[in-house]
Amino acid sequence: MTSQALILIIGMSIVTFLPRFLPILFLSKKEISPSLSRWMSYIPVSVFAALVASDVFFVDGAFAMQPLQNVKLLPSIFVIIVALKTKSLLWSMITGIISITLLSAIL
Amino acid sequence: MGNKTIVKGLKASFPIMASYIALGLACGIVLFDAGFSVFSIFLMSLLVYAGAAQFLAGSMVVLGAAVPSIILMVFFLNLRHILMGASISKYVKNKSVGFLAVFGHTLSDESFGINYSNFQKQDWTADDAIVANIFNYLVWAISTAVGGIIGSHFSINTQIMSYALIAMFICMMVMQFVSKIYIITAIISIVLSVLLTIILKHNIALVIATVLASMIGYYIERKLEQRGAGSRD
């Protein structure tokens, strides 16, 4: 392993561990206000939606909304339908992988 | 921590494990393709344990990004865990610092999702949660290493493998749809992050979109509540 890879891994581990550990450490000792915790209940859905948007609607950094240019659009619709029906991570991933494989082969 | 807790934790983590095997294999393949050795993939999974961040690192290394900018992006990507950790912290009160460190290190998007909904039921304890987390953690580390080994023997289309991550995020978003306000919040977050990404041309757009969308969601909830209270008068 190169020293660069090691530095990268250690750096990543620090910026991953601290945001996970510090809030649990400090906030587990005292109560959070109800309004703060109600606001925070909207955080996960917002995070995932933002990640989905940046992953699905952009190709090589450019906004792409044409199904022929952006091969990720149609599979994402299939994945949403399967996710709504099954609530299963595994089935969603299988649907996504199969549909994008087939679509990339056709286009 | 008895056998019952271990069985319970194991049972609860089965769905996550299954997806971690698939996703871990894909992530290992992507990372090997980016030039990481099987050992460094395994080490990364043990020390970092963040699927999205590890995928991101792989794709940024391929693009030739510098180490500090990859670490910064991973930091931004992980800011969401502050809020997840904060919202799950009420369920791990009175636990030792060591327990909280392990719980924090093994807090992933998926384990948060499963634990958060399980905690809302009566019979789920912090011990059950940490057992489930540790199983998922080990399965992830082993799967990524095996992915690296597979990647070293076969050539696989990593672009398709990367889509596994998107499918996972879509499903995790959908699992949060417990009321209409959450669906509206998701749509607002999508629109904001697209607009802000185009304007700012930087990944920080996602952090801003997340904070704004969640505040709007909370604002809508309060407005509806006030209106409901008003109509009862």
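Backbone N, Cα and C atoms are what each Cβ position is placed from, and that goes for glycine too.
No curator has checked TrEMBL annotations; they are predicted automatically.
Feature annotation from TrEMBL assigns transmembrane segment to B:20-49 (among others). Among residues of the same chain six or more beyond the transmembrane segment (B:20-49), those with a C-beta under 8 A of the stretch's C-beta atoms are 55, 57-59, 61-62, 74, 105-106, 108, 110, 136-137, 139-152, 156, 158, 161-162, 164-165, 168.
If you look up TrEMBL, you'll see B:55-77 (among others) marked as transmembrane segment. Beyond the ends of the transmembrane segment (B:55-77), by six or more residues, the same chain brings 27, 30-31, 33-36, 44, 48, 162, 165, 203-204, 206-207 to within a C-beta distance below 8 angstroms of the stretch.
Look at TrEMBL and you will find B:130-150 (among others) tagged as transmembrane segment.
If you look up TrEMBL, you'll see B:181-198 (among others) marked as transmembrane segment.
Taken from TrEMBL, the feature transmembrane segment applies to B:204-220 (among others).
Taking Cβ pairs closer than 8 Å, the transmembrane segment (B:181-198) reaches residues 173, 205-206, 208-210, 212-214, 216-217, 220-221, 224 in its own chain, all 6 or more past its ends.
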